[in-house]
Structures are given as C-alpha cells and as structure tokens.
C-alpha cells in the first residue's frame, strides 16, 4: 500500500498528465486544416506526384539538407491510403511522442525501480508540452520526432547489448538497424552511428561490435553525402565557427534551453531563462560524464543517455551552423523544442536516482520541484485550447487561390512562400485529385467559373448577408478578392461555400464561408459567429448585379459588386507619391498619425490615430487620375472606407500593415475627383493613415 504522501502526489501527477495530453490533442483538432503548409508543398505533394510517376530517386533526394526517407514513406501512406487528409500524419506525431514516453519510462524503471512512477509520469507531461506545437499540429513534422526517438532507442538497445556476451545478439543487431534507419530521418541522423561506435569503445562491448559500427558509420556517411548539395540560402558550420564562434555557442545554449523560453511566456526574460537553463544542462551533463568515465565499472545506461544528450547537442550545433545567419533567436523556434525536451527528459532519468536517496529527500528534491514545474507549464499548455478558426480559414482561402489559379501572393504566402510555385504544384495535384483538391469545396471550382448554371431562378429562400469589400490583387488581372458574410436564418446555419452568379446565370466568383464574425453574431444571431466569407471573382464582373448563392440550401441574397478604381502595390516607395499636402481639403479630421508614428523624409503623415485606436474621422483630397499616395492601416478589417465624389458606393479598404502605394490610375476614373478616407473604428487595430508630399518639398 502506498503512503498517503506518495498517493497524493501520484493523483496530482496523473490528473496533470491527463490534462496536458487532452489539451495537446485538442490543439491539433482546433488548428486542423487539410491545406498543405510550407514544406508540405514540395516535400509531401510534389514528392508524391513525382514518386507516382516512377521517379525512384526522389525518395533519397535531399529536402533542404535532410534525407527524409522515413517521413516520405508516411507521406505516401497518407496520400495513398487516407486521401491526403493529414489526420494520419497528425496522429503519427502524437503516437511517436507516446512511444518516446514509453522508452524513457523503461529507462527510468531500470534506474529507479522503487520510485519511478512520479518522474515517469512527469516525463509524459513534459513531452506533451505545447512549446513544440509546430511538431504536433503540422503533418510534415514526423521526421523531427523520429530524428530524436530512433537514436534514443538505438542507444538504449546498445546498452542492453552491452550486458549480453553474444557478439551479434538481437539487441546489437536491432541497434545497428535503427542506427541505419536514423540516416533517413534528418541530417543529424548521420552522427548516430559514429556516436554509437564511440559508445561501444568507451563501454568496451567488444572489438567486433566496434568494427561493425565503425564500418556502418563510414558507409552511412558516404551514402548520405554522395551527390549532396547544401542549401544555397543557409550558412555552414565551418563558416559559423570561423566568423561567429561566440554566436554559435550562444545559439547552442539557447537551443538546448528553448522549452523554458516558451514556458516563461517568451520575450527577453524567457530568452535569458532559456540560455541559463541550456548552459546548466550542458554543465551538469559534462560533470556527470566526467565522473562516469572515471568509474572502473561504467554504468552503460547512464552513458547511453549521456550519449543521447551529446547527440542532441550535436543536433543543436549542426542546426546553428546552418541557421545562425538568421539570428540566435531562431534557435527558439517551436519545432526545435522537441529535441530539447527529450534532452531534458534524458537528464531527469540520469539524475533521478541521485535525488532519490531517501523517502524524505525524494519529496523535497524531486516531487516538489517537478510539481512546481508542472504548474509553471500550465499557462503555456492552455494556449493549445485557443481557437484556430481565423488561421484555419485563411489557410482555406489560400488553398482556394491555388485551386482556382489566382496569383494572390499576399494570401498564398500564408501556406507557401511563392504563389507561382504553389499554383504549379497545385495544378498537378488537382488533376490527380490529391490532398484537399478532392474535397467538394475545392474540386473543379476553376472549371465552373465563367460557366452558366441554374442560378437566380433556383433560389428557394433568402439568406441574410452582405458583400463588405472587394479589392484588387497585385500582379493578378483576371481576379479580384471579395469578402462579406452570409447566414441562413431559416435554418440557423451558415453555408460552407458560396457562388457569385450574375443576372445571366454565369458563375463569376466563388468563396468559402467560416470566417469568425463576432460582429454579425452580435447583430444578427449568435449562431452566425462563423458567417464570414472570402473568395475570388472575375475582374470583368466589377459593377455587376450578382446573387451570393449557397448551392446546397438554394439560399442567397442579391448584391452589387462595386467597381474598384485603385490598385494597392506591395511596397510603399515614397518616390512614387505624386500628391502633396496642399491637396488636402478643409475640415480635415485626420490630425494624428499612424500607430507607429512614422517619420518619412519629404512626406507628411495624416492619420486617424490621435490619442488611441478609438479615434475616428475622415480626410478628403482633391485628386486627378494617375495620382498616388502611401496608405497603411491597423490589423483589423472593416472600419476603414474610401468614397469617391462621382460614385455613391463606399469601398471598404483592405488591411495594409505596411506602407503601400495607393494608385488612382484606373481608366474609369474622371480627370479630377475628390477622394474621402473615413475611419469608423473604435476598437484596437482600427486606424488608418496616408502619407503625401510635404508642401515645402513641392514648392
């Protein structure tokens, strides 16, 4: 029977473990999107397309500096067996972490047979930390967990092999096999076999075993670096050691202590804590290694765990060599937390027996500190419960842009750096109906736009809704963005997607519904909380009367696509500005500036931000066709408007977090006109500003 004190601690740790894992799993559900993200476009979709076409070389081809053979096997399974839903890959991430907990549990039970339960449960809590959220919620990241798990298992099996006199026993053969498989995880896998050979020498487990591991190391290194090309945009370990050795050391220390940065809530204090923690782990591990090597009878499990920590240190060093050029803070990326978390777990397994020398000491030296750390981790873990609806929606719209073939760099950059590259890969994937391209809301959309369907005459009920904005897309002449909201009040639901249909029954646009709209929920119905839509329509449809139509419920509403008379370029180059302060008309209410209080040589800033975001007002300018000004706004859409003197339509201005050029060169504009900018926002992020030439400069 357990003592009351230990029983209470066990209950606390069990409840905490359940809570942490429930939150971690909930985080995957709340941020789930079937749209490939980042490296998935090349390493997942494009890989599968090429492999399916018979390109066997793509399996061994480097992805950046990595040969992710094992993960590619899982990518193949997901696309072949599970239709590219990504759920299989997400479940795999969690399963690999659970297996990692199991391996540490076995090691802890061997080192601390009587008191392993509480630290073992803590490791399960520790390895569910939301500090590594990228590796939990991103289907591409199985290699990040495999690259730590396989070496851990390999060193563990080598430890077991050390106690068996048979040269080629099952444990040794298994460790060799897993060491070889580690080459197919990430680039750091190349040091696993050499470290295993060094471990075999230090633990004196036999000449033939050492020679076997040394031979496998040489073969592995030759195979890995044959026809290897370093990424052009990364640095190198040799250059980092030569040019910035102190920065590299700081990078490694920061990398190792990374989880504590996230636990501390980030910012400067978190960086310092991470660096102190990383330095402490390195010093403690070095001291234990030194004392362990001085022993006549060496603890093979302790050494196996120390070699695993050394492997993580080598991982941090190699990562820093290639990425120090991006700054030391890059070491704090969420995806790098997984190897650091495992290094700390290994250290806990090593030091736990040293802290559990008596029933009284184990409480004060182990249980209480771990309990305090759990409480410190809770705020970070609860972040997993935050709604991901907005980011999931934006990813969906980015995926829609790819599916239609809209060169919307601003939107597509949410899922991939290059719109053109994503569209190219997406075209091939769409033809094979891979990944999300097989889903109803994305399938054959491009072919339907411009075609006639049974439209307005088929509407059976009227939805509530409104088109809030349309805006041009830089470097895209065929399509424009549109957004608004729609709600089927008779059924108390919002549709999943909408068509824009003109009076001839021609589909001129398409959009997805699901954007959080708390304003609509408050004004219309609480069930309209996700009634926002965004999509694309043909540029030639500007000014047309349309039906915003849900093809499933046959519900819709009538509206007009206002005509846009301006373009908004990506970069705000002050040399392009043609308007001066003398063109600002009387009764100007924008006597403030932008939130950042910008000062631009030769320009004067007029902004609605006077004392705070809640400030409102308008400014009017006398313009002529061809005029250009700089424009920027806060991050909140829907409260910044533009009206033109010759039109009755007020246009919602797009969000522009940086200064961008607002160009009034449309041929549809009259020779001269008045443009009025109006800020009607009272909440945080609802401000806007323009910049024009200072009068003195013009004169």
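First residue shown is number 1, and so on along the chain.
In case you wondered, yes, glycine gets a Cβ from its N, Cα and C as well.
Bear in mind that TrEMBL entries carry predicted annotations, made automatically and left uncurated.
Of the given residue ranges 338-357, 358-377, 378-397, TrEMBL assigns the label transmembrane segment to 338-357. Looking at the stretches 116-137, 138-159, 402-423, the one that TrEMBL records under the feature transmembrane segment is 138-159. The stretch in 138-159, 171-201, 270-291, 303-326, 338-357 that contributes the largest number of Cβ pairs under 8 Å to the transmembrane segment (86-108) is 138-159. Proximity of the transmembrane segment (246-264) to the transmembrane segment (207-226) is not established, fewer than 3 Cβ-Cβ distances being under 8 Å for residue pairs spaced 6 or more apart. Most Cβ pairs within less than 8 Å of the transmembrane segment (138-159), among stretches 9-29, 207-226, 270-291, 303-326, 338-357, belong to 303-326. In terms of C-beta pairs under 8 Å, the stretch of 207-226, 270-291, 338-357 lying closest in packing to the transmembrane segment (303-326) is 338-357. Non-local neighbours of the transmembrane segment (270-291) in the same chain are 250, 252-264, 302, 306, 309-310, 313, 329, 332, 340, 343-344, 347, 350-351; each lies 6+ residues outside the stretch with a CB under 8 Å from one of its CB atoms.
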